[in-house]
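Worksheet: the structure to be examined is printed underneath.
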Amino acid sequence: HCHTHRYPLSTTATSEPEELPLPSEKPQHEKHRTESPASEAPLVRAVLGELKVSSVTPSSVQLQWTVPEGSFDSFMLQYRDAQGQPQALPIDGGSRSVTMPELSPSHRYRFHLYGLRGRKKIDHVSTEAVTGEGEPSEEALPSEDPQQEKPKTEFLISEAVLTRAVLGVLKVSSVTHSSVQLQWTVPEGSFDSFMLQYRDAQGQPQAMPIDGGSRSVMVPGLSPSHWYRFHLCGLQGRKKIDRVSTEVMTEEPEELPQPTEEPQHEKHQTEAAPARGVLEELRVSSVTPSSVQLQWTVPKGYFDSFTLQYWDAQGQPQAMPIDGRSRSVTVP
């Protein structure tokens, strides 16, 4: 079974006075400021489509949007919480939906979505939503009150999604000793998000949330020579609509050669595969006390996905899977 994992929402604090003001402060002045200098950098303009509410619960709101023209490096969602405090959530530029957790029940929220290029706000759209009645952060267990809880969720879903959504076959596209690349299709309808579930080598359940626009994912940090069974769940709001599974065994452990051992051989490999993707400079586009925004380009070819790896402040290795169409990421 799939269980969506809620992540606490944190207010991003910037290290300099370029913190994004809330839209209610000076909307007319803000719009003029962002649009005129932004037109100097991009060759084609970027436009945000309508910001829609796709599902609501007592403690969360699912939002969806489109980008009918151009593209954005990242998005920023802003709103005020039930206590009136401004909140800001950075979102990857490849995303087209987001779930806002930890909200208060029966409360009206106004959400403002900004499309950014670098740190410039290019366009913005807004919408309002009222959370449902009930307990804020606990999902009712099936035994608690199924008659009341289930119809409420299904009614909200059926209003937002008119066509059913179907997952295609879950396929293994590549395997290494420590990672697996998975691919799937959505032959009918669409999903707000996906959840990939599996058990690690120690038997502990793992869950990886995936954006609804993705069709592939890289699962890093696996153990060599180990059988894994992966389950991909397609979600609309917080409701599981469809599920597909697959099994794969990781390769045997391998010793990676040091860069100094065979540089000529490495160079030959690159020249022999001209069709493969090329990554260009990885740049830091913005920094706050608790996050870093990175950008990169793919001047040649393409990639199915990316994996961002780094060591955290405690010296522990971290790996973040990223969709192959993305060109920026915020590391919170």
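Glycine residues also receive a Cβ, built from the backbone N, Cα and C atoms like all the rest.
According to TrEMBL, the region 'Disordered' annotation covers 1-42 (among others).
Marked as compositional bias 'Low complexity' by TrEMBL: 8-25.
Marked as compositional bias 'Basic and acidic residues' by TrEMBL: 26-35.
Per-residue pLDDT, averaged along the domain 'Fibronectin type-III' (47-137), amounts to 88 for this model. TrEMBL lists 47-137 (among others) with the feature domain 'Fibronectin type-III'.
What TrEMBL records for 127-150 (among others) is region 'Disordered'.
Positions annotated as domain 'Fibronectin type-III' by TrEMBL: 166-255 (among others).
Annotated region 'Disordered' per TrEMBL: 247-272 (among others), in sequence order.
Taken from TrEMBL, the feature domain 'Fibronectin type-III' covers 278-332 (among others). Residue counts for the domain 'Fibronectin type-III' (278-332) under DSSP, split into helix (H, G, I), strand (E, B) and coil, are 0 helix, 31 strand, 24 coil.
The domain 'Fibronectin type-III' (47-137): residue composition by secondary structure is 0 helix, 50 strand, 41 coil, according to DSSP.
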